[in-house]
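Under the heading domain 'Beta-ketoacyl-[acyl-carrier-protein] synthase III N-terminal', TrEMBL lists 109-188. Per TrEMBL, active site is recorded for C115, H260, N290. The annotation domain 'Beta-ketoacyl-[acyl-carrier-protein] synthase III C-terminal' is assigned in TrEMBL to 244-333. Summarising the annotation, TrEMBL assigns region 'ACP-binding' to 261-265.
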Amino acid sequence: MRYSRIIGLGHHVPDRVITNDYLSTVMDTNDAWIVERTGIRERRWMDPGQDTVANMAAKATRMALERAKLKETDIDFIVFATITPDYFFPGSGVLLQRELGLDGSIAALDIRNACSGFIYAVSVADQFIKTGMYKNVLVVGAEIQSTALDISTRGRNTAVIFGDGAGAVILQASDKPGVLSTHLHSDGRFAEELYVKDPGSSRPHAERQPEQITDTSTFKVVMNGNQVFKHAVVRFMEVIQEALEANKLRKEDINLLVPHQANLRISQYIQEKLELNDAQVYNNIMRYGNTTAASIPIALSEAWAEGKIKENDLICLAAFGSGFTWASALIRW
Ligand SMILES: CC(C)(COP(=O)(O)OP(=O)(O)OC[C@H]1O[C@@H](n2cnc3c(N)ncnc32)[C@H](O)[C@@H]1OP(=O)(O)O)[C@@H](O)C(=O)NCCC(=O)NCCS
């Protein structure tokens, strides 16, 4: 049986730290509100001229390659999860390929499944490896959310939550189990509960011509926080249970849960339901906010570097986000 294993992890975040106190100088909010409702203390926002989605992804990739003891040319395929590509098109996969100095001999695929994007990308990479098509697949999640936020009191329910960053893993073919299973779901009935409408294509021609656009609010992140929260707590639990049942494992078997960093209260709710202790759940939302598709690979990379992931551990990844989409993965390390 052919499996895929994570053999290298890396991450990169912008240098610019945005504290809750800073945000309280540009909108009506405060540190106490943000910490109590979300757990976030600070996040990183890109420096224009320095950070792009593709170059942050390249930095994360180089760290992952170094840890895997591989070089750029060992990569057979790129799967890039982002909903904030540098360009409207093409996607960021080809830009990363260029940043890495790779020529046209490999393919790059873009995944747009928001906060679940990284697990979707792992799932896709896993299938390509299992079928024998590729040996080393680079899986990336990278985002610049900050430039689409409404950084004013009007946009405070989202502006305080999102951050920028990139994470990467190298999945390699192996005859030993690694990724045990992945579980993917979506429900488009809730698409508009968390979305950025523009630049959408299905509008009258005049409304999409930049010089005619007078209302630019539709270019910003819109979120119905209560709805997202309510669905997230249910779907996170369901999809984790689904993964455990598929592998005939129990919640007690999980060594480390790395949930998408949506909100510390959501992570704590899942932790309580699964009866996991603090050491069994990795959270870094305090430092980075919600970095969408980048959040799980950044957290995985940090957890591994801190020695929290050991050989043979059972690692559970779970995510929920825009779409709605939700997903989980169980990995034997
Ligand atoms: C966004 C979220 C933190 C808001 O928390 P909440 O407890 O639901 O708060 P509400 O939206 O009900 O707002 C409560 C009040 O706080 C206010 N508020 C919103 N953002 C605020 C901020 N940054 N600072 C201060 N007050 C704020 C609201 O205006 C509202 O005021 P009102 O009662 O006078 O109308 C919460 O809904 C959440 O985390 N949802 C999930 C978000 C998520 O995970 N998104 C990513 C999914 S991948």
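Think of each number as a place in line: the chain as shown, counted from 1.
Each Cβ is built from the backbone N, Cα and C atoms, and glycine gets one as well.
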Local confidence of the prediction over the domain 'Beta-ketoacyl-[acyl-carrier-protein] synthase III C-terminal' (244-333), expressed as mean pLDDT:
97
Determine how many residues of the region 'ACP-binding' (261-265) DSSP places in helix, in strand and in coil.
2 helix, 0 strand, 3 coil
Could you give the Cα-Cα distance between C115 (active site) and N290 (active site), in whole Å?
9
Where C115 (active site) falls in three-state DSSP terms:
helix
In the structure shown, which of the active-site residues C115, H260, N290 has the fewest Cβ neighbours within 10 Å?
N290
Whole-number Å only: compute the distance from the Cα of H260 (active site) to the Cα of N290 (active site).
8
In the domain 'Beta-ketoacyl-[acyl-carrier-protein] synthase III N-terminal' (109-188), how many residues does DSSP call helix, how many strand, and how many coil?
28 helix, 30 strand, 22 coil
Work out, from DSSP, the number of helix, strand and coil residues along the domain 'Beta-ketoacyl-[acyl-carrier-protein] synthase III C-terminal' (244-333).
38 helix, 22 strand, 30 coil
